[in-house]
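Colleague: In case it helps, TrEMBL gives these features for our protein:
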TRANSMEM  15-37  transmembrane segment
TRANSMEM  49-70  transmembrane segment
TRANSMEM  85-109  transmembrane segment
TRANSMEM  121-145  transmembrane segment
TRANSMEM  172-193  transmembrane segment
TRANSMEM  214-234  transmembrane segment
TRANSMEM  240-258  transmembrane segment
């Protein structure tokens, strides 16, 4: 059991409960969405979409680890250092997986017909695995640091998850988030403008819905960038920071889990012709 609990003597149980509730709802929600898409023949998604959802599930799992093993109030050192390493590795992974999904969407909009099947497969595979390679590298690095510096491993100031007392890991993580969110905003803006400028798209209600999802997704990216800046600037994060952080995966579930092909499966309805292509990853060429 770790003993560095001086900073959490004023923990607000409501904040901890809200944080865990949002993270768990995001994890369960994404798991349900992925399971639905996998099991239903009427739901078609690209591999990068599955990788994106899995990245957020892993992120939520990282932030709720000590709770899931029943040690939220008094985690032992091994669990705490593992969670600390995982939570610093997760934001960069989630940001990069979001960027990877966005790049895949961009390739669909631009309709790169000159790209060979083999090259397209290589690009897709790279987009899928890069976020996880990044997560693994960061996780190992932060874990080694925590093991070599056990005095830095502690429960965070809000009692929500374990972290490290040094500011360097949070700033590294934050910079990766910022660097991934900046091109994401540019790409999503381009996709949105491309859809809006095409009058044929505006006559098609399902594509207007798609453009709306793109704009909402861009706002989520801006929020992620703000969280990244907070990581970079502040050495300690207040309760509001943790709640915003926990709201990101839950928001992602609402955006990606409310597409009509998924809803039809849950309601045991057959999709209509107009609803059949209501999917953010099925962008037709302009």
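Each Cβ is built from the backbone N, Cα and C atoms, and glycine gets one as well.
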Colleague: Which of 15-37, 49-70, 85-109, 172-193 has the most Cβ pairs closer than 8 Å to the transmembrane segment (121-145)?
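Modeller: By the under-8 Å Cβ criterion, the transmembrane segment (121-145) pairs most with 85-109.
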Colleague: Quick one: do the transmembrane segment (172-193) and the transmembrane segment (240-258) have at least 3 Cβ pairs under 8 Å, skipping pairs fewer than 6 apart in sequence?
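Modeller: Answer no: the transmembrane segment (172-193) and the transmembrane segment (240-258) share fewer than 3 Cβ pairs below 8 Å.
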